[in-house]
Amino acid sequence: MSDTTTGTSANAPKKRSLFQQLEVDTRLLGMIGAFLLICIAFSIFTDGRFLSARNIFNLTIQTVSVAIMATGMVFIIVTRHIDLSVGAILAVCSATMGMVQAQWLPQALGFGSFWIAPLTIIAGLVVGTLIGVFNGWLVGYQGIPAFIVTLGGLLVWRNVAWYITGGQTIGPLDPTFLIFGGAEGTMGVTWSWIIGIAACLAAVYALWSARRSKLAHEFPVKPVWAEVALGVIFCAAILGFVWILNAYLIPEGRLERVFEARGEVMPEGYVEGHGLPISVLILILVAVVMTLVARKTRLGRYIFATGGNPDAAELSGINTKMLTVKVFAIMGFLCGLSAVVASARLTFHTNDIGTLDELRVIAAAVIGGTALSGGIGTIYGAILGALIMQSLQSGMGMVGVDAPLQNIVVGAVLVFAVLIDILYRKRWGGK
Amino acid sequence: MAAVDRSGTPLVELKNIRISFGGVHAVDDVSVDLYPGEVHGLLGHNGAGKSTLIKCLSGAYKQDSGDVFVNGERATINNPRDARGYNIETIYQTLALADNLDAASNLFLGRELTTGLGLVNDAKMEAETRRIMHRLNPNFKKFKDPVSALSGGQRQSVAIARAVYFNARILIMDEPTAALGPQETQMVADLIQELKKDGLGIFLIDHDVHAVKQLCDRASVMKNGELVGTVDVDQVSEDDLLAMIILGKKPEHLAA
């Protein structure tokens with residue numbers, strides 16, 4: 001190409017820092033840095049218990065429910081809306097699924113039927129999606145501000161959930177349903193390694209194919225060493241994570257019960273690791289799909305364009321009303337999915353399930369770099385944000401900080417994160 | 001300037017367009033037309049109705065009564081997507097770019113190129129953007145940055161590239177040079193001559209009488225939602241045009 005010479009001469013005098021060469025987001029590094037700082041601090045205060053395999057495992061499964069919803073909240077906030085009703089929608093989905101699996105289906109199909117769990121989950125996802133569509137219709141087609149629709153929804157849906165169950169705690173839930181909760185349903189050591197290695201291969205392939213596509217169009221690429229370094233970091237992180245989850249052993253008592261149920265006797269000194277929880281696998285799947293939607297589909301492109309300039313989107317022929325419905329529908333679906341994980345983790349449905357989740361979810365998205373002015377946000381940021389919030393909360397619990405103080409800190413962190421974000425954008429420009 | 005051949009079918013005819021907002025006639029029974037290779041200026045004060053009139057063609061508004069004809073056939077334009085279907089492209093005063101996206105995403109917004117799997121093909125779109133920008137504005141280099149990082153002229157060239165890339169036959173430009181410096185204004189003027197040669201018809205909405213006199217073949221002046229008159233720019237002076245805008249009267253030597 002003719003402009004290669006001018007291109008290199010323009011770039012050559014500029015000194016590029018290590019991070020620029022790697023082309024990693026400095027924001028992301030900041031968040032990872034904050035996360036590591038929190039981990040190290042709590043680890044010191046708890047004599048290392050905070051970073052034990054057991055706690056990391058628990059932290060992971062506690063994060064899943066909020067993290068799943070936070071990915072949907074990214075789309076909502078990017079399109080300049082807000083959803084205050086996610087915790088309440090989660091409660092309706094959980095209440096519906098509780099009734100379906102503990103009372104309605106057993107009467108129809110009999111206890112222990114294979115179909116109870118799948119039908120229950122479908123019911124929960126459908127209910128969540130429908131509520132999302134309804135919210136989106138009110139916001140998009142009727143023009144009611146999302147703040148009002150979902151503030152009202154916060155009260156309405158919370159109490160619909162109450163009405164469905166009559167305020168009772170519903171349980172025990174279906175045994176198959178419980179595997180989506182976390183500790184009860186894990187992949188085991190071998191499968192976890194297999195999945196980890198597959199993820200590494202996928203990461204390396206993604207890096208390689210992105211580079212190949214850039215080269216095919218003669219775009220500039222980063223140096224080979226930078227690509228290799230990124231690949232090594234990704235693989236180390238994935239395999240390290242799997243290794244830690246595998247290192248957390250299933251308690252002896254529970255293993256004995258498993259063997260008893262199979263009519264066998266547990267061999268002396270037998271141990272087994274937990275491995276990847278199924279709920280975490282669901283979160284990873286959600287993260288991958290949502291990232292693909294955000295970056296590689298027209299829907300995602302329209303979501304970001306609408307957030308950047310709603311008028312421009314409209315004039316470009318994008319149906320922004322329908323887009324609003326879709327975005328809220330995705331949010332509702334993810335609330336339903338979160339309800340599966342949250343109620344399965346608790347092993348029953350309670351009347352207060354998901355209370356204050358709207359705060360956690362919005363905080364996760366915002367801490368993860370989603371701009372409330374719209375147009376900017378990432379899925380991985382929101383998940384990292386959820387992890388930071390959960391680490392803070394459970395770390396303070398382990399250290400023995402009083403409950404009111406914990407909530408004060410969590411609330412303050414949300415406000416502080418937005419302040420940091422504003423300062424960051426002022427100094428380095430909005431990106 | 002070569003004379004425009006107006007013997008054939010006009011590219012666009014707006015006939016007896018009326019549109020009112022809350023009892024105010026924003027456009028009152030206005031008819032204008034446009035021929036291939038012609039630049040047709042629309043002049044008038046703020047609120048004279050020129051932007052409103054043209055939005056009936058671009059699909060942003062729907063006229064209360066009156067008809068739009070494209071190539072002699074009646075056209076139904078309910079939204080911007082319909083307008084694009086008739087190869088009508090609009091470059092808005094506010095530019096209509098999504099500031100947080102890069103040039104390629106903006107150029108293809110609403111018409112993304114996709115891969116076989118239905119996913120957006122960013123690499124292909126960037127390559128196409130580089131190709132067309134090389135032709136329109138060879139100095140353009142910021143392909144990776146969001147358009148908020150671009151200068152007024154660069155943003156304008158993205159907006160124009162969008163229209164040109166999709167083979168517009170009819171181009172609507174709403175004050176294309178309002179936010180630009182002298183050099184960038186010249187760039188847009190050159191570009192208009194280029195597009196004219198390719199046989200496009202251009203509606204140019206502007207305040208600036210001087211620019212209209214220079215760039216346009218014909219000019220229509222509007223005042224208070226009504227059409228004052230349509231004149232050949234070669235037959236009138238800038239003062240005549242100003243008189244039309246301010247007094248709402250056709251110059252005497254043309255008044256029949």
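Just so it is clear, glycine is given a Cβ too, placed from its N, Cα and C backbone atoms.
Note that this is a predicted model, so its numbers are computed, not measured.
What TrEMBL says about this one:
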type	residues	note
TRANSMEM	A:28-45	transmembrane segment
TRANSMEM	A:57-78	transmembrane segment
TRANSMEM	A:84-102	transmembrane segment
TRANSMEM	A:114-138	transmembrane segment
TRANSMEM	A:144-165	transmembrane segment
TRANSMEM	A:177-208	transmembrane segment
TRANSMEM	A:228-250	transmembrane segment
TRANSMEM	A:271-294	transmembrane segment
TRANSMEM	A:327-348	transmembrane segment
TRANSMEM	A:360-383	transmembrane segment
TRANSMEM	A:403-424	transmembrane segment
For the transmembrane segment (A:360-383), could you work out the same-chain residues 6 or more beyond its ends whose Cβ comes under 8 Å from its Cβ atoms?
27-28, 31, 63, 66-67, 69-71, 73-75, 77-80, 82, 84, 86-87, 283, 287, 290-291, 294, 304, 307-309, 389, 410, 413-414, 417-418, 421, 425, 430-431
Touch test for the transmembrane segment (A:327-348) and the transmembrane segment (A:177-208), at least 3 Cβ pairs under 8 Å:
yes
Give the one range among A:57-78, A:144-165, A:271-294, A:403-424 whose Cβ atoms make the most pairs under 8 Å with those of the transmembrane segment (A:177-208).
A:271-294
Region pair the transmembrane segment (A:84-102) / the transmembrane segment (A:271-294), three or more CB pairs under 8 Å:
no
So which residues does the transmembrane segment (A:57-78) touch in its own chain, when a touch means Cβ under 8 Å and the partner is 6 or more beyond its ends?
86, 90, 146, 181-183, 244-245, 248, 274, 277, 279-280, 282-283, 286-287, 290, 294, 303-304, 307, 327-328, 330-331, 333-335, 337-338, 341-342, 345, 357, 360-362, 364-366, 368, 370-372, 374-379, 381-383, 385-387, 389-391, 394
